[in-house]
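Just below is one structure, and these are the notes that go with it.
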Amino acid sequence: MFARSPVLNQSGPTEFVFRVFTAVPEFQALLFVLFLLLYLMILCGNTAIIWVVCTHSSLRTPMYFFLSNLSFIEISYTTVVVPLLLSNIFGARKPISLAGCGAQMFFFVTLGSADCFLLAIMAYDRYVAICHPLHYTLIMTQKLCIQMVGCAVGLALYLSLQLTSLIFTLPFCGHLREINHFLCDVPPVLRLACADIRVHQAVLYVVSILVLIVPFILISVSYVFITMAILRIRSAEGRRRAFSTCSSHLTVVLLQYGFCALVYLRPQSVSSVEEDRQFALIYTFVTPLLNPLIYTLRNKDVKGALRNAIIGKAALDTD
């Protein structure tokens, strides 16, 4: 799809460093504790969802299959970023090699893209469940669900490989290559290139459109049909339950797509490095944390399964 070269023609040092959040030791300690706590909450919450879906037969439906895959992607997504972020919060900045930076970018873009594609698949699942309830089990078969997740991950891998390999054919300027970010994301790394990056910027926009705009349009169309179907439900309780299920998914969608679009689809001439870094904190910490919170606190099936599992474990411990 895109041209690439197998040779990394770099001159000078082959390492990058990240800009620190703050030089004040007290703030560094506070940020370290805050980010660590958020990371642990993300790990525990999403792991709980995967565990409860895998161990309770009542939750072995397409909706929860996609939810458990989303949780796995969220865990992987944050793990690619947060440990390195935590190690660089304090004053002594640890350099990251060219290969390490490329690997982080590749996995970050892959998992982020797969996350966006999976949210679109979940919207389609809700569309079939609400608009075609009688044919739901015939349409959303296990084979189709696995194929859709496989296609989402495969497309994400392909786009990420093309974009990352293209970017790391660039020469980078300066003796000290400081990335004004807390990870090797595409826009801040492109800013360090000492070459014409118009083609690379265009490729980034193409990938961003495929990952953000196209799935968001599909989600929007799905929810137009979903809303029309919900409004035709005569029971007020039925409408409330349908809207509750969809609003959880929409909350995550709007946060994920909204902040990613602000980072990747804004022209560099009007984008702010500091704003990009703040937006990246939203989709690195907030949306992966919202996923388990929303789907457990607002979902009776998941809450019931977790409650039964905890009660069952407590009963076994007391025997």
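Each Cβ is built from the backbone N, Cα and C atoms, and glycine gets one as well.
What TrEMBL says about a protein is an automatic prediction, not a curated fact.
Marked as domain 'G-protein coupled receptors family 1 profile' by TrEMBL: 45-295.
The transmembrane segment annotation in TrEMBL covers 29-52 (among others).
What TrEMBL lists as transmembrane segment is 64-86 (among others). Tertiary proximity for the transmembrane segment (64-86) is limited to same-chain residues at least six positions away from its ends with a CB under 8 Å from its CB atoms, namely 32, 35-36, 39, 42-43, 45-47, 49-50, 53-54, 96, 104, 107-108, 111-112, 114-115, 118-119, 121-122, 125, 142, 145, 149, 182-183, 284-285, 287-288, 291-292, 295, 301-302.
The transmembrane segment annotation in TrEMBL covers 106-124 (among others).
What TrEMBL lists as transmembrane segment is 144-161 (among others). Residues 1, 62, 65-66, 69, 106-107, 109-111, 113-114, 117-118, 121, 124, 207, 210-211 of the same chain, all 6+ positions outside the transmembrane segment (144-161), place their C-beta atoms under 8 angstroms from a C-beta of that stretch.
Under 8 Å from some Cβ of the transmembrane segment (202-231) lie the Cβ atoms of residues 2, 109, 112-113, 116-117, 119-120, 123-124, 126-127, 130-131, 156, 159, 162-163, 166, 186-187, 190, 239, 242-243, 246, 250, 253, 257, 260-261, 264-265, all in the same chain and six or more residues away from its ends. Among the features that TrEMBL reports, transmembrane segment is placed at 202-231 (among others).
Nonlocal intrachain contacts for the transmembrane segment (243-265), taken as residues 6+ away from its ends with a CB within less than 8 angstroms of a stretch CB, comprise 112, 115-116, 119, 122-123, 126, 130, 185-187, 204-205, 208-209, 211-213, 215-216, 219, 223, 226, 230, 271, 275-276, 279-280, 282-283, 286-287, 290-291, 294-295, 298-299. The transmembrane segment annotation in TrEMBL covers 243-265 (among others).
Annotation comment: TrEMBL describes 277-297 (among others) as transmembrane segment. A Cβ distance under 8 Å defines the sequence-distant neighbours of the transmembrane segment (277-297), meaning residues of its chain 6+ beyond its ends; these are 35, 38-39, 41-42, 45-46, 48-49, 67, 70-71, 74-75, 77-78, 81-82, 112, 180-183, 185, 248, 251-252, 255-256, 259-260, 262-263, 303, 306.
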- line: For the domain 'G-protein coupled receptors family 1 profile' (45-295), the averaged pLDDT of the predicted model is 87
